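Going by Swiss-Prot, these are the annotated features:
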type: BINDING; residues: ASP41, ASP79, TYR82, HIS250; note: Fe cation 1 binding site
type: BINDING; residues: ASP79, ASN118, HIS213, HIS248; note: Fe cation 2 binding site
type: DISULFID; residues: CYS169-CYS227; note: disulfide bond
type: CARBOHYD; residues: ASN124; note: N-linked glycosylation site
type: CARBOHYD; residues: ASN155; note: N-linked glycosylation site
type: SIGNAL; residues: 1-20; note: signal peptide
Amino acid sequence: MDTWTVLLILQASLVLPGAVGTRTNTRTAPTPILRFVAVGDWGGVPNAPFHTAREMANAKAIATTVKTLGADFILSLGDNFYFTGVHDAKDKRFQETFEDVFSDPSLRNVPWHVLAGNHDHLGNVSAQIAYSKISKRWNFPSPYYRLRFKIPRSNVSVAIFMLDTVTLCGNSDDFVSQQPERPRNLALARTQLAWIKKQLAAAKEDYVLVAGHYPVWSIAEHGPTHCLVKQLLPLLTTHKVTAYLCGHDHNLQYLQDENGLGFVLSGAGNFMDPSKKHLRKVPNGYLRFHFGAENSLGGFAYVEITPKEMSVTYIEASGKSLFKTKLPRRARSEHQHRRA
């Protein structure tokens, strides 16, 4: 059975419960659900044809996933344009690496919510923000910002806080195992940290996600980002964040700590790296899944959020489902108590 057939069967199981092997005129209301794709490090190359085979394969697989399962939006986890970002809002890379690649009709009306990676910061991040006024599907309002959604046909809410981890921690070389040493502008870093601290303290949504380019935890080439482990992780833990999503390392990983906080690493949109160099730098028991096969065309994460739980499925660009996990909705008492 080919992988696209598997996706179609999965769609049927999600949308038409009880439909197999039974005849009935009773219609079951569709499950309230919010769906999105999370893909990082997809940004092509700076020379013709300005994309890679992996990026093209991921674009095709994302389109197939959207057609079969649906998606309300796509979350871009940074490194949108290799290797030195873009020059201005009219840079041809927007067309050649983004518009012409993610061009399937199924993707034309799916919005992208974007954040910057370290390679984007080697160019003009303000130009990527300005491109939001040119492309109807490119949404990048500011270096860091909040997204808020309601799960359709429910009162259940989801918040996603999009961070600029490069401004927060400093830049680094994506192809060398190098930690960001210090923020270029300490005042901007402190302002952003104060913002996310205030936002998380006030967050009353049923699911709270935080996204940034650099990982908190990673077993791969770059490993854990010391700056985020020190400054961001305590906030994620204190405020009962559901999951942190990131890229930077060029593979797929899922980690989960002793508090149930999930770490979704999806950095396989354009390159693949099998490194497990920092396996011993991550606490024992955190790693649940790692995929970095060099002969793979990469992949992405597909997230589904219902009133009951959030599921994360890692999908290879071939269409194969690699790993799936579930995270619970935040307990009402947790965030209501913090508001009291």
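Using the three backbone atoms N, Cα and C, a Cβ is placed for every residue, glycine included.
Feature map: Swiss-Prot annotations on the structure.
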residue : record                      : contacts (Cβ under 8 Å, 6+ apart)
TYR82   : Fe cation 1 binding site    : GLY43, GLY44, VAL45, PRO46, HIS119, ASN270
ASN124  : N-linked glycosylation site : GLY85, VAL86, HIS87, ASP88
ASN155  : N-linked glycosylation site : none
HIS213  : Fe cation 2 binding site    : GLY40, LEU77, GLY78, ASP79, LEU115, ALA116, GLY117, ASN118, ASP164, THR165, VAL166, CYS246, GLY247, HIS248
CYS227  : disulfide bond              : THR165, LEU168, CYS169, GLY170, GLN179, PRO180, TYR214
HIS250  : Fe cation 1 binding site    : ASP41, ALA220, GLU221, GLY267, ALA268, ASN270, PHE271, MET272, ASP273, GLY292
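A simple way to gauge crowding: the CB of HIS248 (Fe cation 2 binding site) has 27 other CB atoms within 10 angstroms, across all the protein chains here. DSSP assigns ASN124 (N-linked glycosylation site) to coil in the three-state reduction, placing it in neither a helix nor a strand.
Of all the binding-site residues listed here (ASP41, ASP79), the one with the fewest other CB atoms within 10 A of its own CB is ASP79. Figure note: comparing Cβ neighbours within 10 Å for the recorded positions ASN118, CYS169, the maximum is reached by CYS169.
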